[in-house]
């Protein structure tokens, strides 16, 4: 059980206290932020090419946000005291921002979902009987006005909420980067670029997730995949992944060129402990390859067959989802693979399969939002407006 | 005074059964009295009953030139504070520095069993031991980052964790640049050196200071005008660990080397 070590580590530094759960947490909130952005591109900025996805993206954001706190709760030594972060926060702690940011964003998202789906809720209530009718009437919160004026007001409120939601989504996720970036004790984390890197990679993962889910959903429903939607998402994805990769590389290159003290540790980390997850996954497999594939999609869009475009964006998106997961891993676990003595390393870290914070627990938590999404789709179909 | 000296020279562990019974019965009686006095639901805390924290300001001084690496302090700390296995509230590091090339540094089991001779293959010109513990920093990141305020500083300058409020998030463990904190596997809360707060608030020294056979570890009190440690801090060249991080450590070192972080 004793990990393999090289060099000299402070004796308390051989443990990985921040486990797979802390990898999953920023991964999930990142997906939320990215998905929300796509829905806002339609609801706030009126990008018509995102219309097929506007509602679905919103539902995706909500379902993932619903479980974003779970990995944290599972990680806490005393989850029963977790609520204290929200009710008695210590405001010098960056982590104290969690309750405010999470709760307020959740409220905005719920409100926006309600306003977007309000007419659907009322229609369904009107068309059903018994328990179902009762359920949807309750969801409608006693308001049954579907006049054109009321719907116009809905759209106005939706736009405002979505507009408020953008900075809040950025804050919720930028805050996660801040948690790491603001720790001066850890040279692999401590950089002002960290929140920015987290934000851009969040956008990447969220858009990539939507590309995958949208294509799968359309296949399952036997509906056509909108060419414009895929083209537009590919463009945004390409933009954000270029920004994200640039930032990730900049951070490393600065350290390397400065020959800062930290570089001795970090260069070793990147070429040994993280060589696969950083170089192979984050930079090449999940970075360079999708960069090229998406480049082809974006630059040759006009000449491309729909099936090729769909396949290329699908493959790129899956690779980018992996890339962002690798990035979270490299930050969270990588930052604990060396001792603060700056002279010693832990050689490997393999999370256990069945441990409380193990692989199975992480997989289960990650599975829940997909189940929620299926339920959401059953209750409030997100693509109904396309069927008619 | 003589009585006190005799007391402090007594070995920590072996006591007779009669003495044990005597002591534990008085401790039991004492705790019953405390339980009667205190209102229900409040915790007795770990400070001495008539201790005034405004009249002390604790500092710690480590003379690396004296340390012999026996590891008694590590053992005493574990016994005194029930520190869990493989976790350390204090430890000792060994440095063997050749004229050229990289230094050899180790701390096997935190030096709990002392140090075996090692064949480093280096022609060592300089070698020394460095005891480590929580630096009880004045501007400490661990307190700053605690999301629920469970990590706190006492007014007499000791950084403590309230295990009844700690949520076990581990942020403080990540924030400490010195590796002084760990998550206690039994209580699932952050754990660290308390500077033996239960001892120093009852007029005793910390277990590590008490046991150190060479006086390499010393406890000082800034509010005591005759304190020898404070005199040393005032008149000699002392250093702190990682001063560039501006955490203002209150554990000071004599004879530190640039290899030590």
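We count from 1, first residue shown onward.
Even glycines carry a Cβ here, placed using N, Cα and C.
Straight from TrEMBL, the features:
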TRANSMEM  A:20-44  transmembrane segment
TRANSMEM  A:56-74  transmembrane segment
TRANSMEM  A:94-117  transmembrane segment
TRANSMEM  A:160-181  transmembrane segment
TRANSMEM  A:193-216  transmembrane segment
TRANSMEM  A:236-257  transmembrane segment
TRANSMEM  A:277-300  transmembrane segment
TRANSMEM  A:312-338  transmembrane segment
TRANSMEM  A:358-376  transmembrane segment
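Proximity of distant same-chain residues to the transmembrane segment (A:236-257), defined by a Cβ-Cβ separation under 8 Å and at least 6 residues beyond the stretch ends, is recorded for 38, 41, 191, 193, 196-197, 200-201, 203-204, 207-208, 211, 263, 266-267, 270, 282-283, 287, 290-291, 294-295, 297-298, 313, 316-317, 320, 323, 327. The list of residues near the transmembrane segment (A:94-117) in space but at least 6 beyond its ends in sequence, with Cβ under 8 angstroms from a Cβ of it, reads 36, 43, 54-55, 58-59, 61-62, 65, 68-69, 72, 85-87, 141, 154, 157-158, 161-162, 164-165, 168-169, 171-172, 175, 178-179, 182, 380. Against the transmembrane segment (A:358-376), the recorded stretches A:20-44, A:56-74, A:193-216 differ in Cβ pairs under 8 Å, and the greatest number is found for A:56-74. Packing against the transmembrane segment (A:20-44) from elsewhere in the chain are residues 50-51, 53-55, 57-58, 60-61, 64-65, 67-68, 71-72, 74-75, 109, 112, 116, 158-159, 162-163, 165-166, 169-170, 172-173, 176-177, 198-199, 201-210, 233, 236, 324-325, 328-329, 331-333, 351, 357-359, 361-362, 365-366, 369: each is 6 or more residues past its ends and has a CB under 8 Å from a CB in it.
Tertiary neighbourhood of the transmembrane segment (A:193-216): same-chain residues 26-27, 29-38, 52-53, 56-57, 60-61, 170, 173-178, 180-181, 225, 229-230, 233-234, 236-237, 240-241, 243-244, 247-248, 250-251, 310, 313-314, 316-318, 320-321, 323-325, 327, 331, 373, selected by CB-CB distance under 8 Å and a gap of 6+ residues from either end.
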